[in-house]
């Protein structure tokens, strides 16, 4: 059900009220620039912002961006000049994409009715039906370990899906086909270190994604707002993040903490983040540490960040994490940690007495399916919808012939790695995260009314039509038309 609209006209436009407000620039006239997709300033939505003129309200100055965030200086800082920028782990054939794609979801599935029929238009040669049939058959072959048939089916798919072009459903199918092929050939990415080129491109893709789509901003601000609500007034705050990504989402959290302390004329609390990361995350960890420390220093905020390897956490659970007396603990979960280590660690949650557990579900499959095929089907639905929403942003933004470049960048450096990871860990039996949290004595409490207001404010500021906020039980979801994209829920100890 769609949430009711709320008015925030009484809020002073220059006074941050929440983690969403501090990412918003003071109102400015519409310039008519084709890159101005909406009234929100997404430039401050991450730690790697686009250059901006005004450094107030949590924005990072243009000079700082120019000195610290161009690709050459980043590579120099990481000591990685030897990396070949053309040598990517995702060495796919990527021709120039057209500026606009048809966004019909044509996915007739003869095996079941799990795919909804979103369009009545079909290719005359039945090609879409064929490649969807073969993709599902390929997933079934992996599930039943019928590898000879899998390679035959894969060869057929490679003829039909030669490159990530065409409609959204075709490009999504191509990426899933590539992910399954990597799994069959043993060339998955989970234990490989990203090159400096890939890190730089991931930063650029994330920034672009945050500008053209509300998905990244919804995910980060709902989690941050839930944590702020739970730890408000504490002098020692400890956040355990199981999916830190590039860490940019914490810049707005730190800014909000500092703003609240300043408004109350009290000392800022000490904030500590523990990030549980893969072993191959050394370069990203250095990048995250250096820049969050610099950002917090500029805020005069006491801040620490620690990194714990997933392998260590898998063996000794929360004993791998340092805790201090009298600190309020918040835990941020996503499907990533459940895929990597299972759900057993959730039973230890009560021992660390978290003030809040926030689950950001970016996959919407419950992490409980034991069927490889079902993971592929669910993923095809989700990523086709995301790609359709990007196409709509391309059209509304009037990006022209170059619009395909940024779509391709987001697909390659944001979406493809997620698809690769979901396929690599598909089919493993993992207890549903809802069941695991309930078994651990946690209960869903929902987000605050203020988070509701901010979520509605976010989607109202998006120029692309079709996004809306809905609720299902205690979960708050961002939807594209009638299809959910991401959901956030808040849990506390019973």
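Note: Cβ is positioned from N, Cα and C throughout, glycine not excepted.
Looking at 222-226, 227-231, 232-236, 237-241, the stretch flagged in TrEMBL as motif 'VHIID' turns out to be 237-241. For the ranges 188-220, 254-286, 287-319, 320-352, the feature annotated in TrEMBL as region 'Leucine repeat II (LRII)' maps to 287-319.
Shown for the region 'Leucine repeat II (LRII)' (287-319): DSSP residue counts in helix, strand and coil, namely 22 helix, 7 strand, 4 coil.
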